[in-house]
Amino acid sequence: MRSFVLRARAAPTESKLILEGVGQDAHTEILAHTLMNTIFVAQSHRENVTVHLVLESTKDFSRTITFDSNEITNIGGFHESALLSAVVRAVDASQGMIKEQTRQVEPGITVRTMSFEKLVKELAEDHQLYMMDKKGDFIRDAEIAENPCFLLTDHIPMPKKSYNSLKRLGTEKISLGPNMLFASQCVVLINNELDVRGF
């Protein structure tokens, strides 16, 4: 099982703002693009992939929306509009939830009022965490554990205080090359490397 976490620091937790944020400061299109490139392949979708989108621009709690490729039945297509609609349905389903509550949205999609920090602490129990860093080991040379989880951010970098807690969780740094890439581009390269290795 391969897992991805997108920490979307600018992404709002209100459906109207998600839809209005495409191409604006929130850059909510990154949610759809990352989701598309993690789960979908031509005429099908990948098995054994989990994607966690953590939306952090909120008045109450972050929303962690989880997509399980093995459980998803019909997401409505893999174009930007359909994928953002799935995110919106999850956000709408989360209204009225208290902190650290979980709710099933539809097959393969759950929403939790859970922070990024709490999520990665939970994932670290049975995954090896990897963070993108230009100074990390180049992915083609890096040793990738059996249950990898890759941590990505939107256009707002990971806050410095997060690095220490991620280090304590045993997070390893890997590099995808000399250029800074979009999260949606990172997942294409990561998936390709894992495919070539026969993961």
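In case you wondered, yes, glycine gets a Cβ from its N, Cα and C as well.
Here the structure is a predicted model, which means the values were calculated and not measured.
As given in Swiss-Prot:
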BINDING   Met132, Cys186  S-adenosyl-L-methionine binding site
- Note on the structure: In all the protein chains shown, the tally of other Cβ atoms within 10 Å of the Cβ of Met132 (S-adenosyl-L-methionine binding site) is 21
- Message: Give me the long-range Cβ neighbours of Cys186 (S-adenosyl-L-methionine binding site): same chain, 6+ apart, Cβ under 8 Å, in sequence order.
- Response: Met132, Phe150, Leu152, Leu176
